[in-house]
Amino acid sequence: MMEKAMKYAKIAGSGGYLPERVVTNDDLAAELATRQISTSDEWIVERTGIRQRHLAERGVTTSQLATEAARRAMDDAGVQADEIDMIIVATSTPDYVFPSTACLVQANLGAKGGAAFDVQAVCSGFVYAMTTADSFIRAGRARCALVIGAEVFSRILDWNDRGTCVLFGDGAGAVVLKAADEPGILAAHLHADGSQTKILCAAGNVAYGDVTGDPFLRMDGQAVFKQAVTVLDRSARDVCAEAGVEVDDIDWLIPHQANVRILNFLARKLRVPTERVVITVDQHANTSAASVPLALDVARRDGRVKPGQLVLMQGVGGGFTWGSVLARM
C-alpha cells in the first residue's frame, strides 16, 4: 500500500479590515477631557508608540469586520466560498454567547458544510487559531482553512481608565491556509499559565439575564510587560530550534502589536534588527487577536514580506497565553 504523502499548511492569501472611524491621540485626548481625564498625544506616544486607532461605530459587529477581512483574504488567495472547508475565528469579543462568530462568518460568505468554530486566547488568539488549522491540514482533515482574528475591544474598555482605554483599537485580519506539498508552517508552539489570569482579564459574565462581575478590561501593565518579553523570547528560540533554523535566519518578526516598548525590547533580546520587525501598533493600536494578521497583511501588500521568506509570528495575551508560528511564505 502506497504511503500517503505528507501535507503542509501554506499561507495562500491574506486580508485585513479596519473600521472607517479613525481616532487620533488628539481626538481621544479631547474626548477624555470632557470626562476630566487628562492625557495627550505626547503622553500616549512616549509610553506606547500609538498615534491613532480605528474604532467601530455602534452597531458594527465583530462578525462584520471578520467577514470583510475574510473576503479580502479569499480574493488574495483566489479561492471561492465553496472551497473553504474550515473557518476558525479568534476573538474575545464575539457577537453573541452563541452561535460562534465563525458560524456567522460562514453564513455571510455563503460557505457551507465545513467546520466553523471560535478560539478564545485573547491577544494570542490568532496564533492559536493558525496552529489549530495547521494541525487539521497536516492530519488531512482540511484542505483550505480560513483563519481570522477579529475584535471590537472598544466595547469592553473602561473609558474612564486612562491606563487602558488609550491602548486598544478595533479591526480584523485573516489568512487562507491551503494544503501544500512543500512546507509553509514549519513549526508552532502554544503555551498558557492559568495562574496569571488576573494580570490581564475582563472578568464579567452574563448570568440569569444580568451582567455579573467586572465587564471591563483590567490590566497590570508592568506585570504584562515582564511576562510578555520573557515568554516570547523563549518561545521564539524554541520554535526556531524545532524547525532547525537560527533566529538570525528570520527575515521578518511579526509580534503581537501590544505597544512599541514590548516590540523594541523583544527585538533587542532576540537580536533582530528593528528594520526586520513589522510594526503597525502606531496606526492600529492594540487590536488583540487581529493584530498579527493585520500586520502580516500590511507587510505583504507593501512588498516587505515576499514569497520564500521566513516569518516568525508571535502572540501573547490574557490567560496568560502565548505562542509562536514560524512560516515559510
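Backbone N, Cα and C define each Cβ position, glycine as well.
Annotation source Swiss-Prot lists active site at C123, H256, N286. Taken from Swiss-Prot, the feature region 'ACP-binding' applies to 257-261, supported by sequence analysis.
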Long-range Cβ neighbours of the region 'ACP-binding' (257-261) (under 8 Å; 6 or more residues past either end): 47-50, 123, 167, 224-225, 228, 279-282, 284-287, 291-292, 294-295, 316
Rounded Cα-Cα span from H256 (active site) to C123 (active site), Å: 7
C-beta crowding around H256 (active site), within 10 angstroms: 31
Among C123, N286, which are active-site residues, the residue with the most C-beta atoms within 10 angstroms of its C-beta: C123
Number of helical, extended and coil residues in the region 'ACP-binding' (257-261), per DSSP: 2 helix, 0 strand, 3 coil
Distance from H256 (active site) back to N286 (active site), taken between C-alpha atoms, in Å: 8
Helix, strand or coil at N286 (active site) [DSSP, three-state]: strand
Structural state of H256 (active site), classified by DSSP into three states: coil
